[in-house]
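Comments concern the structure below.
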Amino acid sequence: MKLSNQFLITITLLITSITFAQEAPHFKPGEDPRQPHQEWKLIENMSDEFEGKKIDEKKWQISGQGWIGRAPGLFLAENISLNNGSLQITTTMLPEPIVKNNKTYTHGGGYVGSRNGMTYGYYECEMKANKTFMSSTFWLINEGKDRLGCDKRTTELDIQESVGQITNDADWMKYFDQTMNSNTHSRNIPEGCEYEKGSSKGKAELGGKAYEDFHVYGVWWKSKDEIIFFLDGKMQSKVTPPADFDIEMYLRMVVETYDWNPVPKDGGMTGSKEDRTTTYNWVRSWQLVDSKN
């Protein structure tokens, strides 16, 4: 069967655009921090275009790795799907409350975590939040269970945490549904280890609600003491974490409940499935390396 020239041109352009899209992180002109002798290398085992029919569980873990969710939100693998080239995590109301570990769960969320970790690099995703009181997030955290000594401490790098419906009257929550809420956390310091406990924040305005449109949320984990946050390819803030961020961390895409943004009286699940779904079009992780040329 002969293929038309127009069809071949279309396919070629499509393949070229896909390839080009993965040559470097999403930066606006003049924002790429790489030097002339450097290039961005895509880290395949921490990146995904979500083009398949089901999530790649060799790359992503969807059961929570022992973390079942903060009550009243329970992580459910059935709430995670791939649809039209996107990863979707849908919030739900459970048919009946479930009691686990003496805690009552009434809602369902979802957890997607990378099986592989990395240190310094650039991490980004294109995400649109759900409209509910539950979260839409993109972040990194270390895993201390197999670590020794002071490396058992916790380091967490929150690139974006938002909600679609604010149910808390606190001043700091006023714009949580329309900002890029970024953070660095240091906690669980083992006894005898001289690391600071605390948090250092970054913030940027989205120009609308987090659920109204897709945004590209990114972070350049430049060094142990310099974190730079990007929104839609533009640098927003630089943060010095409270302790050295030099431990390998793993990606997390999580939809959960927050105890500081409680369930509304109507249960918060009255919207359509689309309204109740957080969508990730892609996630990409990069390392800055010396050019081969």
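Note that Cβ sites are derived from N, Cα and C of the backbone, with glycine treated the same way.
Counting only same-chain residues at least 6 apart in sequence, those with a Cβ under 8 Å from the Cβ of Glu156 (active site, nucleophile) are Trp139, Leu140, Ile141, Asn142, Asn183, Thr184, His185, Arg187, Met249. Glu156 (active site, nucleophile) carries a strand DSSP state (E or B). Summarising the annotation, Swiss-Prot assigns active site, nucleophile to Glu156 and lists similarity to another entry as the type of evidence.
There are 22 other Cβ atoms within 10 Å of the Cβ belonging to Glu161 (active site, proton donor). Marked as active site, proton donor by Swiss-Prot on the basis of similarity to another entry: Glu161.
The feature substrate binding site is assigned by Swiss-Prot to Trp67, Arg70, Glu156, Glu161, Glu256. Counted within 10 Å of its Cβ, the other Cβ atoms near Glu256 (substrate binding site) come to 23, all protein chains included.
Marked as domain 'GH16' by Swiss-Prot on the basis of sequence analysis: 38-291.
Annotated signal peptide per Swiss-Prot: 1-21, in sequence order.
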>> On the three-state reduction of DSSP, what should I expect for Glu161 (active site, proton donor)?
In response: strand
> Does DSSP give Glu256 (substrate binding site) helix, strand or coil?
Replying inline: coil
> Sequence gap of 6 or more, C-beta under 8 Å: which same-chain residues meet both conditions with respect to Arg70 (substrate binding site)?
Replying inline: Glu256, Thr257, Tyr258, Asp259
